[in-house]
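Below you'll find the structure, written out as structure tokens, and then a few comments.
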Amino acid sequence: MAARVEAATMGGEIDEEESDERGSMWDLDQKLDQSMDEEAGRLRNMYREKKFSALLLLQLSFQSLGVVYGDLGTSPLYVFYNTFPHGIKDPEDIIGALSLIIYSLTLIPLLKYVFVVCKANDNGQGGTFALYSLLCRHAKVKTIQNQHRTDEELTTYSRTTFHEHSFAAKTKRWLEKRTSRKTALLILVLVGTCMVIGDGILTPAISVLSAAGGLRVNLPHISNGVVVFVAVVILVSLFSVQHYGTDRVGWLFAPIVFLWFLSIASIGMYNIWKHDTSVLKAFSPVYIYRYFKRGGRDRWTSLGGIMLSITGIEALFADLSHFPVSAVQIAFTVIVFPCLLLAYSGQAAYIRRYPDHVADAFYRSIPGSVYWPMFIIATAAAIVASQATISATFSLVKQALAHGCFPRVKVVHTSRKFLGQIYVPDINWILMILCIAVTAGFKNQSQIGNAYGTAVVIVMLVTTLLMTLIMILVWRCHWVLVLIFTVLSLVVECTYFSAMLFKIDQGGWVPLVIAAAFLLIMWVWHYGTLKRYEFEMHCRVSMAWILGLGPSLGLVRVPGVGLVYTELASGVPHIFSHFITNLPAIHSVVVFVCVKNLPVYTVPEEERFLVKRIGPKNFHMFRCVARYGYRDLHKKDDDFEKRLFESLFLYVRLESMMEGGCSDSDDYSICGSQQQLKDTLGNGNENENLATFDTFDSIESITPVKRVSNTVTASSQMSGVDELEFINGCRDAGVVHIMGNTVVRARREARFYKKIAIDYVYAFLRKICREHSVIYNVPQESLLNVGQIFYV
């Protein structure tokens with residue numbers, strides 16, 4: 001039978017009209033390469049939101065201080081100096097600035113993030129990619145359409161249906177209608193992610209430098225160069241110990257930050273009582289109006305400094321996965337919010353009496369008897385705040401990698417207890433170099449603060465736009481509520497953004513340059529990955545042609561198992577046809593392995609593998625889809641190959657039982673665990689079924705064949721036990737991992753920018769990134785690379 005190349009299909013589901021256009025050959029392919037609906041349908045959606053006792057909730061609220069609120073809590077170190085970098089001209093400006101700080105903390109962190117945005121988590125996961133994953137599950141907005149309807153049966157895959165004429169359904173259709181809208185949404189997510197990465201550079205720089213700046217207050221003879229040197233030493237030490245993880249010292253974070261909040265609140269109350277109680281009138285919003293009424297560009301640009309009072313909220317949302325939302329809400333409303341209000345009010349009271357001390361307002365407002373203890377606490381709190389932001393950056397990079405938007409880098413799991421604690425070596429050293437460059441280059445808080453504020457306000461704008469879609473598609477709120485939330489958020493954030501535009505030439509350009517560099521890398525990588533996937537879809541080979549070659553595939557079937565890795569969940573990849581065209585032999589058992597990342601935070605181990613048979617039994621061909629969420633890691637101790645074979649053996653056993661009368665289906669797919677198999681068999685005679693199951697209770701109970709024939713068994717009626725022995729014998733003979741070593745190039749007629757992106761940038765990124773064989777822990781002696789060139 002002549003070879004045939006199928007046209008690409010980017011969707012997992014194919015409607016009836018498309019099916020009619022494909023004709024009988026497509027129908028034949030579907031019969032030979034059956035879907036996994038039956039298998040996936042067996043999986044019960046067991047996700048339930050955890051409920052916590054009051055005591056445990058208070059404990060988690062306390063622990064959340066060290067992970068979630070360190071960055072937001074250290075803002076008093078530098079806010080007033082960045083608000084009035086040129087000094088204070090009118091004492092009433094202090095009241096106006098304090099009023100702006102109070103209502104900024106109320107509107108953005110408290111009302112928007114803690115009580116609205118944090119509820120838009122993906123099974124407890126936060127960050128821009130978590131919001132994007134939610135949208136991908138409720139609308140077909142992924143640019144790489146490798147999802148299938150069976151993926152929706154995962155216990156962690158939650159979604160809702162829409163009424164056909166609802167506002168949500170209309171918005172969904174509008175998003176899905178054009179590829180340009182999907183692309184724009186992805187770029188929006190990437191911009192937000194890149195800004196958070198920039199935040200991971202700027203937060204340690206400004207926090208540690210501000211904390212170290214306290215040395216000059218009590219030791220005035222020390223030069224600024226010494227302060228910068230001390231800050232750089234602390235930063236190098238901080239990044240150098242990242243590979244140890246925070247598991248061992250993480251228990252210290254919450255007490256340190258808790259002590260910090262109590263200290264700044266106590267000092268704030270002391271300063272209010274001692275210096276000026278009239279600052280409490282700043283709780284009236286009328287002073288905001290008077291502040292701007294006095295006019296002047298300086299008052300408008302001072303919003304850039306006010307903006308720093310709410311920095312850390314982006315890390316708050318990104319680090320949300322460690323704690324339940326209710327714990328985060330309690331910690332903010334009971335401890336963080338009142339302590340910050342007291343701290344800022346106390347500084348304002350001190351500055352009202354000593355306006356010349358605005359540059360070092362925090363340290364100068366500390367009573368002399370507790371100065372050095374506060375310096376130590378401030379430095380420790382700055383380190384904890386930096387650690388939280390660095391950890392959030394690692395998490396976002398991992399999420400971007402899982403979505404195909406970041407080059408393959410090494411990800412290390414640093415804790416056996418907590419899934420979310422990871423370390424990305426390459427990103428860590430890049431962050432350290434850039435952080436030191438920013439600290440040593442600017443040498444002062446003002447310009448770093450301008451850069452920091454620019455990054456944060458852009459992340460807030462991105463979050464607002466994504467939240468608008470979440471409220472429509474996921475929460476299905478009334479359009480009036482959506483409009484109120486969006487308009488109020490954009491009015492506040494665009495006001496801050498307009499003020500930050502005046503700071504671009506004063507350091508605000510730094511996050512833009514950093515974000516542009518990371519955005520270029522992430523977009524080119526995603527574009528190259530997308531084009532490669534489209535090429536594979538277009539060049540996949542018909543199953544009808546493969547099976548038309550007969551059980552031997554027109555080759556010599558040699559003992560062993562061939563695991564053919566592909567990104568396709570259906571059809572035969574081009575790599576396999578290329579392999580059998582150029583080599584005269586193929587393994588007795590062939591398994592097409594598709595490792596797929598889904599827009600869910602995790603895939604339970606018992607649902608990891610989907611297995612099915614391809615064609616008649618005597619072909620000994622199978623397909624295995626390994627599914628991962630964006631938080632799942634490929635670890636060395638995963639035993640990927642072992643678990644794959646366990647799923648394959650379990651499939652063959654269950655298929656044999658079904659053929660014995662339990663099912664009319666010729667092909668059957670299973671996923672996972674013996675308990676699921678027992679549940680499946682529970683409908684019949686329990687004792688008889690369990691006796692049958694116990695016969696195959698373990699792989700070791702199967703007697704391996706000592707010699708494997710070099711030809712495939714001709715009979716399609718091979719029993720389940722015989723086939724298990726055959727596959728196990730082939731496994732003992734040797735397992736070979738067949739992977740594509742593809743080179744992606746732009747076509748000659750491609751545009752200039754596409755040639756630059758594919759032939760140079762993407763090629764360079766692929767050259768320096770990790771190979772799939774390393775990620776999947778494939779032994780080099782069992783690896784077979786098949787070279788190909790893809791022209792896109």
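Using N, Cα and C of the backbone, Cβ positions are placed for all residues, glycine too.
Because the structure is a prediction, the values reported are computed rather than measured.
Topological domains recorded in Swiss-Prot put R173 on the same membrane side as V241. If you take every residue in the topological domain 'Cytoplasmic' (528-792) and average the pLDDT, you get 74. Within the chain, the transmembrane segment (186-206) has long-range Cβ neighbours (under 8 A, six or more residues past its boundaries) at 71, 78, 127-129, 131-132, 141, 143, 231, 235, 238, 311-312, 314-315, 318, 385-386, 389-390, 392-393, 396-397, 400, 405, 427, 431, 434-435, 438-439, 442, 445, 448-449, 451-452, 455-456, 458-459, 462-463, 465-466, 510-511, 514-516, 518-519, 522-523, 526. Note: the stretches the transmembrane segment (422-442) and the transmembrane segment (219-239) are in contact (3+ CB pairs below 8 A, sequence gap of 6 or more). Around N444 (N-linked glycosylation site), a 10 Å sphere centred on its CB holds 19 further CB atoms from the protein chains shown.
It is 323-343 that, among the stretches 219-239, 249-269, 323-343, 507-527, forms the most Cβ pairs under 8 Å with the transmembrane segment (52-72).
Among the listed stretches 97-117, 249-269, 366-386, 507-527, the one sharing the most Cβ pairs under 8 Å with the transmembrane segment (300-320) is 97-117. Same-chain neighbours of the topological domain 'Extracellular' (73-96): 65, 206-207, 210-211, 257, 260-261, 264, 278-279, 281-282, 287-288, 290-292, 294, 298-299, 302, 304-306, 308-312, 336, 339-340, 343-344, 347-348, 351-352, 355-356, 358-362, 378, 381-382, 385, 445-446, 449-450, 453, counting only residues six or more beyond its ends whose CB sits under 8 Å from a CB of the stretch. Counting Cβ pairs under 8 Å that are 6 or more residues apart, the transmembrane segment (366-386) and the transmembrane segment (97-117) reach fewer than 3 and are not in contact. When each of 219-239, 249-269, 323-343, 455-475 is scored by its Cβ pairs under 8 Å to the transmembrane segment (97-117), the top-ranked stretch turns out to be 323-343. As a summary of secondary structure, the topological domain 'Extracellular' (270-299) carries 23 helix, 0 strand, 7 coil according to DSSP.
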